[in-house]
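Q: What Swiss-Prot shows for this protein is this:
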type	residues	note
COMPBIAS	517-529	compositional bias 'Low complexity'
MOD_RES	519	phosphoserine
MOD_RES	523	phosphothreonine
MOD_RES	526	phosphothreonine
MOD_RES	527	phosphoserine
MOD_RES	528	phosphoserine
MOD_RES	529	phosphoserine
MOD_RES	537	phosphoserine
REGION	482-547	region 'Disordered'
TOPO_DOM	22-86	topological domain 'Mitochondrial intermembrane'
TOPO_DOM	108-112	topological domain 'Cytoplasmic'
TOPO_DOM	134-144	topological domain 'Mitochondrial intermembrane'
TOPO_DOM	166-179	topological domain 'Cytoplasmic'
TOPO_DOM	201-304	topological domain 'Mitochondrial intermembrane'
TOPO_DOM	350-363	topological domain 'Mitochondrial intermembrane'
TOPO_DOM	385-404	topological domain 'Cytoplasmic'
TOPO_DOM	426-432	topological domain 'Mitochondrial intermembrane'
TOPO_DOM	454-547	topological domain 'Cytoplasmic'
TRANSIT	1-21	transit peptide
TRANSMEM	87-107	transmembrane segment
TRANSMEM	113-133	transmembrane segment
TRANSMEM	145-165	transmembrane segment
TRANSMEM	180-200	transmembrane segment
TRANSMEM	305-325	transmembrane segment
TRANSMEM	329-349	transmembrane segment
TRANSMEM	364-384	transmembrane segment
TRANSMEM	405-425	transmembrane segment
TRANSMEM	433-453	transmembrane segment
C-alpha cells in the first residue's frame, strides 16, 4: 500500500465522523416533521391542529445519544487494548448499524426511539475515540493535523447532507418523512465498514504488543520504502524505544492517568473537549429549527440548511489552518471571535427581535442569522477540528486509549447536558442564553493560552517530550524538539531525488548522532539518538510546571 493510498484510506476512517454528523444533523429536522410529532409528541393543540413536545421529552429524544456516547467512550478503551483499533472500529460500526435499525422500526413507542438513540450513541462515542486516535498514529507527522481534521470535516459533511435529506423528505407522506432520513444512515455505516476492512493496523499498536515484524511490513508499505531505508529504521527505533519505556510499568490502569507524568494532559484533554461543546455549536445544530422559528424565518428547514452549508464549507479551511498556523493561535482567536458573535447574537435577540406589539422584527432576525453564520465560520476552522487533533496527538501510547476516552467522555457529557437542558433554559431566559456561551468561549481562549502547547510538525514521541520538558506553553518550545521529524523529511526528499537508489548510497543526514541503521538486525531494540536524549535535569513532573 503506497502513501497516497494510505492517506485515502485514513480519510475513510473519518466516516465515523460522518455517522456522528448525520445523526446530529437529522434529529432536529425529524422532530419537527408532522408524522413524527403525531406519533411521538406528548402535546396536541386542537385549535391549531399542531403537536409539540414537553421540554423533558424533547431533551430526552434529542440528547440521549450523548448518554450512550459517554458509555461508548469508556467501553472503547479495554476493547481497543485487547483487539486493536482497526478491529474495534469494525465492531462498533456493526453496533451503529443495529442502532439505526432500531430507530427506523420504532413505531409507535417514543421509548424505543430513546433506547435506540442510546444504543447508536454507544457506537458514535466509541468511534469518536478510535477514529482520530487511529489517524494520529498512522498519519505522517507533517500531515497529521490535516488528516485528523478530516474527522471534523466528515462530521460537518454528515450534518449538511442530513439537512439536505430532511429538506427533501419533510413533505413526504406518513412515516416516509422521517424513516428515509433515519434509514439512509445505514449507508454511511456500510461504507465505513468496507473502508476500514482494507486498512492495516496501527504500527505503534503492533510494536506495543510485540508484533514488530508485522509493524515493519506496514511501515514499508505505507512509505513505499525497503526495510533498510533510513526513514523506516529511524521511525521504527524511535517508536520501539518509546514504547518500551512507556510500557515498562505494565499496562496503564485508570488510576495511572492521574500520575505525575500524565495528569496535566489528562485534564487538558478533558478541558479542551468539554470546552468544544461549551462553545455552543450544538445550540444551533440540535435546536436550529426552534432558533430560526424564533427569529421569524418562514422556512426553518432552509435556514438550517444554509447554516449547515456554511459549517461544511468552512471546515475545508480547517484542513489548512491547523497546518499553517498551528493549534494554539487558531483556538485562541477562534474563542475570542466566537465570544463576540454570540454576544451580538444574544443582544439582538434579547433587545430587538420582538417588537412591542409582539411581532418579530425580521431585520433583527436576519442579523442574528448572519452572526450565527459568523460563529460557524470560526468554529468550523478552529474549535471543531482542533479539539480532536489535540486529543489525538497529546498522549503517549501507554495512556492513549484511556486518556482519549476520558477526554471524549467529557465532550459527550456536556453535549448531553446542553441538549437536554437547552429547552428548559430557552423557555426561561430566551436569547439571553447566548451570553452564557459568549462567556464560555472567552474562557476557552484563555485556557488554551495558559495550558496548551503548540505541537505543529512534531512526532507523537516529540510531543510527549515537549509536555515533559517543563516549558511554558506561551514561550518558544525547546530547540532540540522536532529534529527527528526534520531529519526524516530531509531523508525523504533525498530519496525522491535519487529515484529509488539504494539507501546505502543516500547521503547520511544524521548529523545529530542518529544511530546507524545500515545493520540488518533491524528488529533489535536500540537507544534513541543523542538528539532525542532526555537529560533528567531538563524534565519535571507535570504538576510542578506552574509552581
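Each Cβ is built from the backbone N, Cα and C atoms, and glycine gets one as well.
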Q: Give the mean pLDDT for the topological domain 'Cytoplasmic' (454-547) on the 0 to 100 scale.
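A: Mean pLDDT, the topological domain 'Cytoplasmic' (454-547): 55.
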Q: Thinking of Cβ pairs under 8 Å, which stretch from 113-133, 145-165, 180-200, 364-384 has the most of them with the transmembrane segment (405-425)?
A: 113-133
Q: So if I exclude everything within five residues of the ends of the transmembrane segment (87-107), which remaining residues of that chain have a CB under 8 angstroms from its CBs? That is, six or more out.
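A: Distal contacts: 13, 16, 19, 39, 72, 76, 79-80, 113, 115-117, 119-124, 126-127, 130-131, 134, 175, 179, 182-183, 185-186, 189-190, 192-193, 196-197, 201.
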Q: Would you kindly list the residues that approach the transmembrane segment (433-453) from elsewhere in its chain, counting only those six or more residues past its ends and only Cβ-Cβ distances under 8 Å?
A: 264, 268, 271-272, 275, 278-280, 283, 327-328, 331-336, 338-340, 342-343, 345-346, 349, 383, 390, 422, 425-426, 463, 466-467, 471, 473-474, 477
Q: Could you tell me how many residues in the topological domain 'Mitochondrial intermembrane' (350-363) are helical, how many are strand and how many are coil under DSSP?
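A: Tallied per class, the topological domain 'Mitochondrial intermembrane' (350-363) gives 4 helix, 2 strand, 8 coil.
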